[in-house]
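**Q** What follows is a structure written as structure tokens; I'll ask about it next.
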């Protein structure tokens with residue numbers, strides 16, 4: 001059977017079942033999701049060639065995944081720098097930020113220009129918006145979305161390329177075009193429009209009964225891998 005691509009309503013329902021029926025906590029799933037993102041990045045963009053990563057984090061859970069990924073990427077030998085224009089004032093996100101600070105992961109307060117990003121980084125990790133995003137992009141994030149639209153650096157997007165509609169995908173021809181898309185839990189409908197080189201599935205935590213209920217038809221993760229190529 002074919003892999004299922006989730007619409008927005010289904011993606012929210014799966015998440016809610018993980019929280020309510022299976023009693024996963026947000027921080028538990030965020031840690032597993034962010035770790036799988038770091039592993040997918042490492043498979044596609046080895047630290048030897050792409051050591052400097054600009055990690056762009058949004059205000060919600062997608063941004064939290066980015067903070068987790070930054071911490072694990074640092075442990076894998078990368079040099080991540082975090083751009084977090086609108087930090088979330090909740091203990092979970094404050095703790096994730098604190099962990100990055102304690103690991104001497106730098107952050108920048110201003111969005112880099114296209115020129116400075118090309119000079120200072122080898123890759124951008126796009127962890128701005130998740131499947132709850134609805135256009136238009138808010139003012140706090142316009143500059144970083146424009147950076148990702150204009151840069152020649154490779155981009156790795158977490159779950160949804162920033163600015164894309166979760167179901168319709170790209171809304172304009174100048175939308176973000178990632179080289180790597182890391183779908184989490186299950187791919188969303190917008191992933192059908194993805195034309196980049198690498199598409200991975202991460203978040204190896206979906207209980208078999210939940211997979212059957214939603215007919216997700218997820219691929220088998222090889223061995224002890226935390227992500228699988230789609």
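Glycine is no exception: its Cβ is also placed from the backbone N, Cα and C atoms.
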**Q** From the candidates 104, 122, 126, give the one listed by Swiss-Prot for the same K(+) site as 62, 162.
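**A** Record source Swiss-Prot; matching candidate: 126.
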**Q** May I ask you to find which of 107, 159 Swiss-Prot records for the (6S)-NADPHX site already listed with 61, 62, 63, 64, 65, 130, 131, 132, 133, 134, 135, 136?
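**A** Answer per Swiss-Prot: 159.
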**Q** How far apart, in angstrom, are the most distant Cα atoms among the (6S)-NADPHX-binding residues 61, 62, 63, 64, 65, 130, 131, 132, 133, 134, 135, 136, 159?
**A** 22
**Q** Between residue 162 (K(+) binding site) and residue 133 ((6S)-NADPHX binding site), what is the CA-CA distance rounded to a whole number of Å?
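**A** One finds 9 Å between the Cα atoms of these residues.
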**Q** Looking only at 65, 126, 159, which of these binding-site residues has the biggest number of Cβ atoms within 10 Å around its Cβ?
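**A** Output for this query is 65.
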**Q** What is the set of residues, excluding 62, 126, 162, whose C-beta falls within 8 angstroms of the centroid of the C-beta atoms at the K(+) site?
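**A** In sequence order, the nearby non-listed residues are 56, 58, 66, 127, 128, 129, 130, 157, 158, 159, 160, 161, 176.
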**Q** Rounded to a whole number, how many Å is the Cα of residue 135 ((6S)-NADPHX binding site) away from the Cα of residue 62 (K(+) binding site)?
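**A** It is 16 Å, counting Cα to Cα.
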**Q** Could you state the CA-to-CA distance between residue 61 ((6S)-NADPHX binding site) and residue 126 (K(+) binding site) to the nearest Å?
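**A** On Cα coordinates alone, these residues lie 13 Å apart.
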